[in-house]
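This report concerns only the one structure given below.
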Amino acid sequence: MARTSSKTDSPKTGRLSGRFWKLLGASTDKDQARSMAQVHKAAEFDAKAADLDDEQLRKAARLLELDDLADSTDVPQFLAIAREAAKRTTGLTPFDVQLQGALRMLAGDVVEMATGEGKTLSGAIAAAGYALAGRNVHVITINDYLARRDAEWMGPLIEAMGLTIGWITADSTAAERRAAYRCDITYASVNEIGFDVLRDQLVTDVDDLVSPNPDVALIDEADSVLVDEALVPLVLAGTSHRETPRLELIRLVGELDENTDFATDNDSRNVHLTEAGARKIEAALGGIDLYSEEHVATTLTEVNVALHAHVLLQRDVHYIVRDDAVHLINSSRGRIATLQRWPDGLQAAVEAKEGIETTETGEVLDTITVQALINRYPRVCGMTGTALAAGEQLRQFYKLGVSPIPPNKPNIRQDETDRVYVTIAAKNDAVIEHIAEVHETGQPVLVGTRDVAESEEIHRRLVKAGVPAVVLNAKNDAEEAAVIAEAGKLGAVTVSTQMAGRGTDIRLGGSDEEDHDRVAELGGLHVIGTGRHHTERLDNQLRGRAGRQGDPGSSVFFSSWEDDLVMSHLEDNKLPLECDETGRVISPKAATLLEHAQRVAEGRLLDVHANTWRYNQLIAQQRAILVERRNTLLRTTTARDEIAELVPERYEEVKARLTAKDSETGEAKLETICRLIMLYHLDRAWADHLAFLADIRESIHLRALGRQNPLDEFHRMAVDAFASLAADAIEAAQQTFETAPSIEDEPGVDLSKLARPTSTWTYMVHDNPLADDTLSALSLPGVFR
C-alpha cells in the first residue's frame, strides 16, 4: 500500500507560518513559552503535593490565590495539585502538554489537541482553575452523553480539589437543573443550556428561574459548537391554532413528473416548477393563477416547500424514518439530530411524503442562536482537535485566539495523496477493492462516508464481497460509543457516517488493547474517506482518528469528479479526464483541484456565516433590550408602579378589594397580578415581533430585484417595528387591567385568558432556503422539545 507522506500535524498545519497563525488568532510563541515555563516549574511542587493526604490536598487547593490567573504566582502549585489529584482519582497522570493546554484555556484560548491527547482531562483541570479563582464554569459539550460521561469521569478530580460538580441532560428536572447550576462547575450540552436560557424568559416568578448569570464557558469540541452549530437558533415555541400546510397540495406535488413538471439545477440543490408544472398545479386547484398577488406568497410558497421536500430532501441522506416519525440527520456529525425538526411547512411536507401523520405546528415565543448564546459569557475558551482550521471564524465571530498544543508523542500517521476518479461508480469500486485488500492483512479499517445511504451501500457491498463489517450511522447511533471503541481491533472493518463516535478513543487492539502490538506492526488504524467534505477541518477530524498518542496509522481519501464538492465548486471544462483502466484520474493536478474546490466551499460557508450573523445580530440586540425589561418587571415592583400610574382609579378599586381582609397578603397579590399582566403582554409583543421578522426574512431577498439592499431593508423594518414594541405592550397591559372581569365571590381579577403554552421546539430559518446553494434547509435543522 502506497504511503506518500508522514504528518506530525494535521495536514498543512506544519506549513503554517507563525505570521499566518497570528492572522488566524493563534497564540504567540511567547505565550506558549510562558505556559511551558509554568508547567516546568510545577514539577518542583510535585513531591510536596504527593506528600499531602486527601484532606490536606483539598485545603491546599482552596488556599491558592488564583484571582488573577494571568499573573498569579500560585499557578505552578495549582498545576502540581491538579496533577496529583488526577493521579489519585482517575489513575491518569497528566502529561506536560495537557497542563499546557489547561493553561492556554485559562488564558482564554481555544486549544488544538489531537485525538487521544487527553482533552477531557485538560479541560477539567482548566475548569477547576477557573472555579478556584471564584468563577462559575459551564463545560459545554455537543450532546448529553458526553456531558454526563465527562462529569462522572472527572467528578472525583474536581471534588478532590474542594469543588462541586453537576451535570444536566434532557431528562433533568427543573430542581435538578438548579442544583447543577449552583455547583462550581456544570457540564451540559449547548442545547440544554440554551433551552434553560429561553425557558427562563417565560417564568412569571423569580423563584422559578433556572439558568444563572453566565460567567465562564469552556467548550468541548469547540469548532463543532462555535462554527458548525453557530447558526442554529434555539427557539422556544408554543402551540397555536395556525393552519396545517394543505396535504392536498403536498400530495399533488408528489404526483408531478421530473423534467416535465419541475427541474433541478446541476448540483441538485435547487428545484423549480416548469411552465407545464405550474399549469398542472393551477388546473388541479380550480384554475387559479399561482403567480397572482393573492397566491404568490401563500399557495406558490407551499408548492415550493413541498417540491423541496419531495425532490431535494432524501431519505437516509437528510433524514431517516423510525418509529413512524421523521428524524433529521445532523450534516456535520452524521448522527440523528436529537429532538430536531425543520420549519413547520417543510416538516409537514416531508411527513406527508413518507405517509406519516403531520406533527403539530406552533408559533415562536423566543429565539437565540448558539453564537449569541455563547457570546453572553464574559469568558469563553475551549478545546478541539481542529482549531487552527477554524481560526478565522473563531477570531471573527468570538474574538478568540487559538493555541496549538504539540502531541505528547510525535504523530507518525501516514497520509496518502487523494485518489481521484472520473465517476462515482469507479470511485466506489476502488473503495471496496481497497478495503478488501487492507482487510486481508488484518489491519483495522475505519471508513468515513458522507451519509447514511452511502454507509449502507458500502456495507452491503462489503458483505457481498465476503468482508465482515460493522456499520455505524444515524440509524444505530445509540450503539456508537461501543462500536467505535472496537474499531481498532485486529481485522475490524467499521463503516461510519461523518464523525459518528466523536469523543470516544479508538485504541489499537480494541478497547482492551489486547492486540495492540500486533495491530501496530500492521500499520495501526487505516482511515478511508469516501469523499472530501466541504471544509478541510472535517477531513482532518476523520484523519485524526488514526495515529493516536504516537501510534502508527494511515489515511487516504477517495474522490471523484461527480462528488458534490466538485460539482458545486469547480467548472467542468477545467477537469482533467484522462484516466487509467480503473477510472482513476492520472493528472497530478487532481489533488490540487480538489483543494481548490474545498477552499471555494469554505469561502462560501464563511460568507453565509457572516451574512446570517448580520441578520441575527440585530435580533440579538433587540432581545437583550427585551430581556433587561423583562428582568426588571420580574424582580422589582415596576409592573405595579406603572399600572398604578396608568389607571389609578381602577388600581385603587382592585387594591381596596384585595386588602379588605389582609393588607399584606392583598398587596402581594396585587403586585403579582400587575406583574403577570405586564409580563404576558411583553412576551406576546415579542412573539408577534419575531413572527413579523420571520415573515420579512422569507421575502427580503426580493428587495434586491428593486435594487435595494436586503440587509439594510431588513434592519430598517426591524428597527421600526421594535420602536413601538414596549409602548404597545404597556398599552395592552393597561387595557387588560382595566377590563379584566372580577372573580365571583373573590377579590382580584380574572386572568384565565392569559394562559401560556407549554410545548416547545427549535428550528432554523434561513432568508431563502430554497434558493441558496451553500446553506439550504437541507443543513439547517432545529431542535424539537
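These residue numbers are counts, starting from 1, taken along the chain as shown.
For all residues, glycine too, the Cβ spot is worked out from N, Cα and C.
As given in Swiss-Prot:
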- Gln98, Gly116, Glu117, Gly118, Lys119, Thr120, Asp505: ATP binding site (BINDING)
For the binding-site residues Gln98, Thr120, work out the Cβ neighbour count at 10 Å and name the residue with the minimum.
Thr120
If you skip the near sequence neighbours and keep only those at least six away, which residues in the chain come within under 8 angstroms of Glu117 (ATP binding site), Cβ to Cβ?
Phe95, Val97, Gln98, Gly101, Ile405, Pro407, Asn408, Gln549
What count of other C-beta atoms do you get within 10 angstroms of the C-beta of Lys119 (ATP binding site), across all chains shown?
26
Shell of the ATP site beyond Gln98, Gly116, Glu117, Gly118, Lys119, Thr120, Asp505, same chain only (C-beta within 8 angstroms of their C-beta centre):
Met113, Thr115, Leu121, Ser122
How would DSSP class Asp505 (ATP binding site) in three states?
coil
Under a three-state reduction of DSSP output, how is Gly116 (ATP binding site) classified: helix, strand, or coil?
coil
